[in-house]
Amino acid sequence: MPAEVFDEERRAWIAARAGIWMFQKRRAELLGKRIRARSRAKVGARPDPHDDQVTPPLIFRTSSTTTGALETGVAAVLAAAAPIGWPLGRMLYAVIIGLIPERLQAYPIAALIWAAILSGAPLPVLYDPSPSLASTLLIPWLLAQVPATFASAAAYGVLEGWLAIDGSSDWWPLTPAQRDVDDTLILGPAPVSMPTLLDPAPSADGRSPDALRVPRRRPAPVNWIRLAIPAAIAAIGSCWYVAAVAAALAAFPGQALAAT
């Protein structure tokens, strides 16, 4: 069962919180288009082209409006800060949603934020500015791509509406193994014949093919404290790291002149 079973809940969550951001409205429209396509494939209904009109991507939208200029500015800053971590985070997001719901019950947003913190914790120790532009700016910029990968994957989890799914604010929402229904509790014990060559092989994970799904709570409760604490730590660490690099860049011309 792929993760597309949660598309309707995610689409409703994104549409309700899109605000002025057109890229979020585009996400909701794409999910709605995908949901309608699956429905038409099942019932054979004739598609309505008016329902499938989607907002163009950011690169094809005008930036003359306030909203367009704001979105363009945000995208430009993120592209300059994490040109490697951003696409790697997108790839990590695609890998993780491939594990839902068979391995993971939901998208592990909290775990990814903590992964960004743990991978970025050694950066202040590794950062050693010296009178060279590479060690002052290039090396810390490259080192920052590692935590940026996990932070981007966590951000995609929020932007793609996974907070609407129960368990996305948990530490690591593994799908619990389902217990097979014991018929002897209802019908009593019965003689069981020996297995034959025609009997199906047992599944590798020990779950029956008709095992019940994991019960989910709707609307999904969100543990905001579990998300806000690591997000605040990551924001403070990022600001300190940027301030340290900016201070080193400000002192770089004086150090270069003193060296000459």
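FYI, residue positions are counted from 1 along the chain as it appears here.
Including glycine, each Cβ sits where the backbone N, Cα and C put it.
Just so you know, TrEMBL annotations are computer predictions that nobody has curated.
TrEMBL lists 74-100 (among others) with the feature transmembrane segment. Tertiary proximity for the transmembrane segment (74-100) is limited to same-chain residues at least six positions away from its ends with a CB under 8 Å from its CB atoms, namely 2-3, 6, 58, 106-108, 142, 144-153, 155-157, 160.
With a cut-off of 8 Å between Cβ atoms, the residues of this chain six or more beyond the transmembrane segment (107-127) that come close are 96-97, 100, 139-140, 143-144, 146-151, 153-154, 157-158, 160, 162-163, 165, 168-173, 223, 226-227, 230-231, 233-234, 237-238, 240-241, 244-245. The transmembrane segment annotation in TrEMBL covers 107-127 (among others).
Summarising the annotation, TrEMBL assigns transmembrane segment to 139-159 (among others).
TrEMBL lists 227-252 (among others) with the feature transmembrane segment.
If you look at the transmembrane segment (139-159), the same-chain residues 6 or more away from its ends with a CB under 8 A from one of its CBs are 14, 24, 27, 81-86, 88-90, 92-93, 96, 107-109, 112-113, 115-117, 119-120, 123, 126-127, 168, 234, 241, 245.
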